Amino acid sequence: MTNLTYLIPVALSLGALGLGGFLWALKSGQYEDLDGAAERILIDLEDKSER
Amino acid sequence: MSCCAPGAEMALDLASTTSVLPSSQEIRLASRSLGGDLHQTDLSVPTVHCATCIQAIETALGKLDHVEGARVNLSTKRVAVRWRGNEVPPFVAALGRLGYEAHLFEPEVGDKDKTLSELIRAVAVAGFAAGNIMLLSVSVWSGAEGATRDLFHWVSALIAIPALAFAGGIFFRSAWNALRHGRMNMDVPIAVGVSLAYAMSLYETINHGDHAYFDASVSLLFFLLIGRTLDHVMRERARTAVKGLSQLAARGAMVLRGDGARDYLPVGEIEPGMQMLIAAGERIPVDGKIIQGASDLDCSLVSGESTPRNVAPGETVQAGVLNLTGSLTIEATAAAKESFLAQMVRLMEAAEGGRAHYRRIADRVSALYAPVVHLTAFATFLGWMAATGDWHRAITIAIAVLIITCPCALGLAVPIVQVVAARRLFENGIMVKDGSAMERLATIDTTVFDKTGTLTLGQPRLVNAGSIDPAMLAIAADMAAHSRHPFSKAIAGFAAPSGQHKFDAVTEHPGFGIEATNAGSAWRLGRRGWAGWKARTGGEGKHGYGGTVLTKDGFIVATFDFEDALRADARTAIGQLNDAGVLVEMLSGDTAGACGEVAKMLGVDDFVPCLLPSGKVERIETMAKDGHKVLMVGDGLNDTPALNAAHVSIAPATAADIGRNAADFVFLRESLLAVPLALDVSRKAGHLIRQNIAIAIIYNAVAVPIAILGHVTPLIAAIAMSASSLLVIGNALRLQTSMPNSPAKEVRRNRQSDFNELARSS
């Protein structure tokens, strides 16, 4: 029983961390262009620095 | 990356396309300020589709002067360009050089789909809460006792509060809205069930009871929100795809002031009496009278006439027609709000369609369902009170009845089928505006087609190419390449592959034709009376379109016959509709002769020619009064009121903006087979929806007696609800497999070609 007093808050805060992370990602526009993100990985970095 | 280099074919299309690049004034109008002298312009670039495209566009635009940066959004096929200064950088031209056609996109200022992000946030919160509560509940089910169980219940109650307040708010608001207007929708029983389950569980927790339904109330929200979000995403996707099509209405015009100054004014600020300069390739923004210049006008979107109209000073023109060949000076006779376009909007608003009274299946079912469920729960309460006199027990069991009947399966039954169906249609290039459109389409028994632009492409096709001397045809084709006139474009398609003729000079005489000189002889391609000035008259009027001829020094050397090209698969599509038991009729603003020909070729028995826009509406309303459910398929401005008056409507992607907005479905490909396909999928979807509702009702018939007898525990409720939801989802997915064509790869390629087609057609 005493274990629960810290285990439950730990479990919940981990979950909340994930939820917070998702909401942050959503707000900062990470999901705006999913197709583009998939393709952009193919662009070479060297070419980009030139820009 | 061969897929990506927009090769020769694209370049050719660009060269021959009728759309002119938006002028820099037009771009300025469509830009929004980001503070200071920084501006952002949103462009729709339908042909962008891979990493190379992204890189090419971003690099090329980034190199332009005054451009701060460009960002491609591949999902929405859009480019956002940020730029500084007063001069608009030539980014549209830069994109054109790369082979990407771009058109301006109406920026939605600050309205970045709030509903979707709210829904997704709600799903995330509900998912978090449901997962954690379910974990705690499993411990309770597996035998947690006494203080531990109470602790778990209390923690669950705490987690459930934000979920109910935030995620549940969507349902509570919708339910309250419905009740306030005296209606009943599916959200009412959901809201009642969820909040009662929470209240009862809280009471149980306070009194150290064994059973709490926190898990049921939150996971119910979670499931339902998933369905709702999918539904929204699907509609949103269709909406953005339709919005991404090029805008066909003029945004403004170059106004010639009395003192000779020229100003580019937005359409709304043009007043009667102002003089406007309309270049070839531009659309006329408001109704007016021509004071100078001659040209050919393409009225197909406005009146349904397939033949370009020849105009001279003194004639009146309607807003929305496309100026094809020469530049015109026009005096505005009406402001935008009194122009033809605005009249169409008024007619459209006046034509109250059947859809205004249409109630969606889900709403109709829930109108029956909710009272029955609530009465059953109440009767259970009364029954247990009478039998035992224990009010706590009676209330607990009555609420268990409400929880078990909470329409989880029913709430998913309709949207999930419509999402799957909309996806199938999307893969085939058909956009669905909302779910009720499919329900309405499934019920139709009559289809009304517009002619020009719908059954036909509205583009003339040369029919006698075979009987023309190939050498003459090649010369004509080379001359025709210098003009935008639809007839010229049809002839230009026959250019000889072996290089171009060299003419000394080529001039276009708007309204007449093209003149070229070569080695001392004058060639003319155009109207018979003008080109063949030495020929004896008499043959005039014999040929369908007034007669188009090629002449050398005034003597006719070739004549050209045109007909309006039929849309691909139009005949098959009409055959399929007939097979599906749907009556087909054609309504057109074109002449009886032109209509009769098309009707004969397509096997359409009924047609009404020479209709005004209001005439089309009247015809549809008459049919509706006779008890017919009418599907209207049309593309023109003149069809728009009819599109709105019909029970359900479909428009091709090439339709006028307002028509596309009024239609329930928009198809992107050229083939008219989209119409029978949409009908077929909608009918199958309607069938599956009925099955799903039946499944939900059977589930209730089994579960409710168990609940009434008081045998339902939270564990049983959780299993029963999940099982019924899975069953309904599984049944909906059968729609995906029931028509075994278009595997995934094919789909991707098709989608690509859709956008290419769009780029070409616009």
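Any Cβ shown, glycine's included, is placed from N, Cα and C.
As annotated by TrEMBL, domain 'HMA' applies to B:39-103.
The feature transmembrane segment is assigned by TrEMBL to B:122-142 (among others).
Annotated transmembrane segment per TrEMBL: B:154-176 (among others), in sequence order.
Here TrEMBL flags B:188-206 (among others) as transmembrane segment.
Per TrEMBL, transmembrane segment is recorded for B:212-230 (among others). Counting residues 6+ beyond its ends, the transmembrane segment (B:212-230) has Cβ neighbours under 8 Å at 116, 119-120, 122-123, 126-127, 129-130, 133-134, 137, 140, 153, 156-157, 159-160, 163-164, 167-168, 170-171, 190, 193-195, 197-198, 200-201, 204-205, 399-400, 403, 406, 408, 411-412, 415-416, 419, 714, 717-718, 721-722, 725 in the same chain.
Within its own chain, the transmembrane segment (B:367-387) has Cβ neighbours under 8 Å at 183-185, 188-189, 192, 393-395, 397-399, 401-402, 405, 407, 410, 704, 707-708, 710, counting only residues six or more beyond its boundaries. Annotated transmembrane segment per TrEMBL: B:367-387 (among others), in sequence order.
Taken from TrEMBL, the feature transmembrane segment applies to B:393-421 (among others).
Summarising the annotation, TrEMBL assigns transmembrane segment to B:692-709 (among others).
Annotation source TrEMBL lists transmembrane segment at B:715-733 (among others).
Look at TrEMBL and you will find B:740-762 tagged as region 'Disordered'.
The compositional bias 'Basic and acidic residues' feature in TrEMBL is assigned to B:745-754.
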Taking helix as H, G and I and strand as E and B in DSSP, count the residues of the domain 'HMA' (B:39-103) in helix, strand and coil. 21 helix, 21 strand, 23 coil
Looking at the stretches B:122-142, B:154-176, B:188-206, B:692-709, B:715-733, which one shares the most CB pairs under 8 Å with the transmembrane segment (B:393-421)? B:692-709
Take the transmembrane segment (B:715-733) and find every residue of the same chain, 6 or more past its ends, with a Cβ under 8 Å from one of its Cβ atoms. 134, 137, 141, 213, 215-216, 219-220, 223, 400, 403-404, 406, 408-409, 412-413, 416-417, 419-420, 688, 691-692, 695-696, 699, 703, 706
Mind checking which residues of the chain, 6+ beyond the ends of the transmembrane segment (B:154-176), have their Cβ under 8 Å from one of its Cβ atoms? 118-119, 121-123, 125-126, 128-130, 132-133, 136-137, 185, 187-188, 190-192, 194-195, 198, 201-202, 205, 212, 214-215, 217-218, 221-222, 224-225, 228
